Ligand code: SF4
Ligand code: SF4
């Protein structure tokens, strides 16, 4: 008996995530439409912020600096220590909820408009277009034989790419190394081995990511690209091709209205401008970063042929807003994290204090026969200036503190102060609460700590 085996092979044309243009190098056609203009302005602002933040000075010091060796982060007048990382956790949670909220409405607009991978890729592509010409000329150059002109163009392009990558890496390092020191070392060609090593590694990553990997990074490595579809719904505004209106696609003369053809003139411009190399007319694809470049490309074509714009546009499949529970849920979580961050900011002290009891003995009897306990005050001055601190007992009836004269702690330093508390009258209990108030003269901030006073009665 013969047995017919049915093939499970899927025709390549039906595999929607593997469009022809996404294989190999993508030659991105430059686009100048409204979404591209918005992206360019946004990118200029982001570049200025990225380059400018480390240059900011505050009271003669770098305003923003991650001091790796000192394990601190300086933010204008604040110096944050690892103990203060809670606020970063809160801010990251807030940013995540804002991102989820925006994704619910507009899909991957973060990827298309503000992600550093996209921003640097478009910058590198801009350089490529200036040197190698249009995307067609660039492709022809790659296919052609090696000539002196080709060598010159490639050399110029890669030199500029490397220069941008080095500039990016150096600017990034300025967040971790004082900017004056960094540029002094750089311009005197005297960069330390560690800084040089980091600059080379970061520059290499930038060059490879933006010059060579490009959209492959988004498609195969970015975790956000993988889980963001969980936030999409029928209400999410995604870049969509209107199949009903566009099909049957086909070329035609301007202002003609051929029978049986939809509005798509099959000019392929939407495919040529796509930075991830897909054809949006094949339907929603996970590679799409919602950048709107295909909208920019298609609208002028529609105008030229006398059709209404919007054959490709940002559109939700239901045409409605996301459900209230989604909007309020994300909004509520974002509000909670902001309130928690504000609470943290308002209760933040520019010093941190811990009281450690003497580990040798709970209590002692001194030469006068009085009970005494010894404590070590561990005080971290988180201010960017030296502060004078004073200690006093709170409700310390019958107790007296020795060794509590005011002391100065330099900026960012940890100070140990040993104090002894003596019971001048006989304690009534074996163990009682002891409250110490610490007062910072300069900032006028106060903190009260409670510990225990033991008596060996
Ligand atoms: S399909 Fe359109 S919106 Fe999506 S990535 Fe390509 S150009 Fe951008
Ligand atoms: S740009 Fe518009 S008209 Fe041209 S192929 Fe794409 S969808 Fe069709």
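Keep in mind that glycine also has a Cβ here, set from the backbone N, Cα and C atoms.
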Where TrEMBL places transmembrane segment among the ranges 123-144, 189-210, 211-232: 189-210
Per TrEMBL record, range annotated transmembrane segment [choices 16-33, 160-177]: 160-177
Leading stretch by Cβ pairs under 8 Å, where the reference is the transmembrane segment (325-346) and the options are 41-60, 80-102, 160-177, 189-210: 80-102
Helix, strand and coil residues within the domain '4Fe-4S ferredoxin-type' (252-283) as assigned by DSSP: 7 helix, 0 strand, 25 coil
Across the domain '4Fe-4S ferredoxin-type' (252-283), average pLDDT on the 0 to 100 scale: 90
